[in-house]
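Participant: Straight from TrEMBL, here's the annotation block:
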- 1-18: signal peptide (SIGNAL)
- 30-142: domain 'Alpha glucuronidase N-terminal' (DOMAIN)
- 146-465: domain 'Glycosyl hydrolase family 67 catalytic' (DOMAIN)
- Glu303: active site, proton donor (ACT_SITE)
- Asp377: active site, proton acceptor (ACT_SITE)
- Glu405: active site, proton acceptor (ACT_SITE)
- 466-690: domain 'Glycosyl hydrolase family 67 C-terminal' (DOMAIN)
Amino acid sequence: MKKYLITLCLLFSHLAFATPDFSGEDGYNLWLNYRPLNARQQQHYLSQLGTVYIADKSATTSVIKDELKRATKGLLGQKLSAVSSAQSAKLVLALNNNQLTTPLGIEQKSLGDEGYAIKQHKGQIWLVANSDVGLLYATFDLIRQIQTLADLSKINKVSVPKVKLRMLNHWDDLDRHTERGYAGQSIFDWHKLPDYQEQRYYDYARANASIGVNGIVPNNVNANALILTPAYLQKVKALADIFRPYGIKVYLSVKFSSPHLIGGLENSDPVKPEVQQWWHDKAAEIYQLIPDFGGFLVKANSEGQPGPGDFGRTHAQGANMLARALKPFGGNVLWRAFVYAHDAKAERSLQAYNEFVPLDGKFDDNVSVQVKNGPIDFQPREPFSPLFGAMPHSSLAMEFQITQEYLGFSTHLAYLGTLYKEALDADTHTQGAGSTVAKVVDGSLSDSPLTAMAGVANIGMDRNWTGHIFGQANWYVFGRLAWDHDLSAADIADEWINMTLTHDKNAIDQIKDMMMNSREDVVNYMTPLGLHHLMDTGHHYGPGPWVDNLGRADWNPTYYHRADKQGLGIDRTASGTNAISQYAPYWQQKLANPATTPTELLLWFHHLSWDYTMPSGKSLWYELVHHYNMGVAGVEKMQQQWQRVKNQIDPNQFHQVEMALGIQLKEAKWWRDACLAYFQTFSQRPIPEGFPKPVHDVDYYKSLQFPYAPGQG
Ligand code: BDP
């Protein structure tokens with residue numbers, strides 16, 4: 001009997017060991033994961049916050065109360081007791097303009113519509129704002145302070161967003177397919193709306209409000225005109241009603257040819273009075289349903305989408321026509337600058353600048369031109385787009401991609417905080433040193449008061465929302481930087497880890513190190529040293545540097561890397577495409593010469609010989625091989641680091657990331673081997689000693705097919 005028992009125990013212990021535990025937190029709660037603090041910490045915060053007074057009553061205050069309840073019950077083991085006077089409360093939430101005069105002497109103006117203050121005052125903690133949405137932001141900040149174990153005893157902060165419109169752009173189709181989405185179907189169930197209102201919508205709104213996102217576009221920029229039909233507008237209204245108390249406005253992607261497609265007009269030429277009238281009437285219809293509707297996002301004359309160019313009109317004429325329809329109701333137009341015209345002779349990286357800079361100053365004041373961070377298309381690394389700084393009389397919005405179309409879908413760990421910061425901190429030198437992209441975007445370097453930052457969402461129906469647990473960090477960091485671009489990527493990573501995964505100091509250090517290096521690892525094993533656009537066709541999954549047979553020259557990777565017997569890289573100096581002429585003189589000078597070009601962008605701007613001597617003293621070929629291998633080594637290191645934190649992470653979350661890292665390593669090697677095998681056919685040089693040779697020949701890598709890779713356009 002005893003023997004049996006021992007065998008049974010051994011069997012079960014073995015099973016427990018071998019089977020991952022998927023019963024714990026699976027990521028659904030995101031960073032609003034209110035796990036209980038330890039008893040000492042709970043005691044500490046309860047003594048500071050035990051009783052609460054909330055002065056105002058509104059739909060948003062209900063959200064505040066619910067969230068405070070949920071957070072304190074989870075984190076502190078009990079909810080705060082509500083009291084009926086500010087004097088008797090430890091925690092006071094008050095509108096600055098309320099009859100209840102706050103004792104803090106905060107100037108109302110300094111907080112604006114959405115800013116807030118959190119101040120310790122004579123043993124009380126005050127949350128003060130001019131609006132209830134400001135108070136909601138303050139509440140989420142206070143919760144974050146607790147989740148990150150901050151000291152509240154001397155808290156004294158004022159926080160005001162640096163950018164006005166902080167938006168998520170979903171590239172979600174009405175049939176729930178998500179273009180470039182890798183986390184399952186769209187969360188927006190258009191078929192069941194308006195009547196069926198998923199819990200997810202509320203949790204999505206909470207998550208967005210917690211990071212300050214105040215606008216969402218639920219439908220794809222490759223828009224379906226149906227979204228503006230009465231039946232769909234009812235569905236949009238249902239979403240807007242849900243999101244309103246969270247301070248979130250709904251915008252829509254619209255198809256420029258809607259007047260023709262759903263309005264029955266002969267065409268959609270923006271100078272025609274009947275077309276203008278159609279948009280005016282449509283705007284009035286929308287605002288009747290949704291009084292705080294945000295406005296329109298437009299992809300026009302780009303990748304086959306219709307636009308004003310179809311009638312010989314400019315982007316400004318098209319954008320202003322829509323802006324004038326929205327203006328009486330306070331709406332805005334986000335007009336995308338992601339254009340490369342079908343007939344353009346200019347090299348692709350030049351085209352957005354060529355089309356838009358001549359229009360500087362011609363856009364109405366409720367239009368923002370939405371520019372991707374780099375001149376091509378969300379590559380793992382690009383220089384900043386030369387449009388930033390080149391249109392000082394226009395509002396320029398930043399568009400980042402949060403979904404990892406070009407950085408490993410949802411199976412690669414790539415923390416994008418470092419990418420976003422690199423872009424925002426880049427110095428355009430357009431108005432002297434210090435003219436950073438961030439200052440263009442936050443309006444300090446332009447005469448337009450409209451400021452905006454958009455992120456292409458990575459959200460879907462997967463239980464953990466983003467496919468990869470660490471994809472959540474990219475949603476999080478986008479929101480935090482849109483609020484305040486001066487925050488550092490490392491500090492935001494620190495917050496996110498504390499809130500989402502663990503409070504263990506050593507584990508935080510390991511995980512932060514993984515995150516901070518992860519994007520560079522991806523750059524190294526995919527597109528090092530300024531290479532770009534090497535991905536395979538259509539789905540963009542995996543390497544395809546050999547592709548040279550697509551309908552347009554600038555869809556082919558060969559157009560961008562220009563590998564030949566002599567060397568590698570595209571010459572964008574005066575002897576080549578002269579794209580450097582679009583940058584300020586400071587950069588023109590630097591970029592004209594490989595020796596003064598930042599190494600990480602070398603092959604973006606120069607075609608260099610395989611034997612070119614790199615700053616390290618080694619040849620270009622050697623450094624290329626070295627970088628591809630550094631990328632792979634980086635993933636191996638992440639795997640080791642992750643194993644080290646195993647005991648500090650919820651098993652379910654741990655296993656998800658563990659499995660994804662396994663895929664990432666396989667795919668990093670695949671990228672390295674496929675690219676090096678291919679480039680070697682030009683360089684005709686051996687793989688330097690000490691580095692592994694590609695496992696297969698190029699033909700093998702070329703033969704791989706992925707007809708069902710997710711997210712195709
Ligand atoms: C590209 C995507 C494509 C999008 C396009 C865009 O591959 O699916 O429609 O960007 O930004 O990166 O409009």
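Placement of Cβ uses the backbone N, Cα and C atoms for every residue, glycine included.
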Participant: What residue among the active-site residues Asp377, Glu405 has the most other CB atoms lying within 10 A of its CB?
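Facilitator: Max Cβ neighbours within 10 Å, all protein chains included: Glu405.
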Participant: How long is the line from the C-alpha of Glu303 (active site, proton donor) to the C-alpha of Asp377 (active site, proton acceptor), rounded to the nearest angstrom?
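Facilitator: Each residue's Cα considered, Glu303 (active site, proton donor) and Asp377 (active site, proton acceptor) end up 12 Å apart.
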Participant: Validating a neighbour-count step here. Other CB atoms within 10 A of the CB of Glu303 (active site, proton donor): how many?
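Facilitator: Counting Cβ neighbours of Glu303 (active site, proton donor) within 10 Å gives 12.
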Participant: What counts of helix, strand and coil residues does DSSP assign across the domain 'Alpha glucuronidase N-terminal' (30-142)?
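Facilitator: The composition, in the requested order, is 47 helix, 23 strand, 43 coil.
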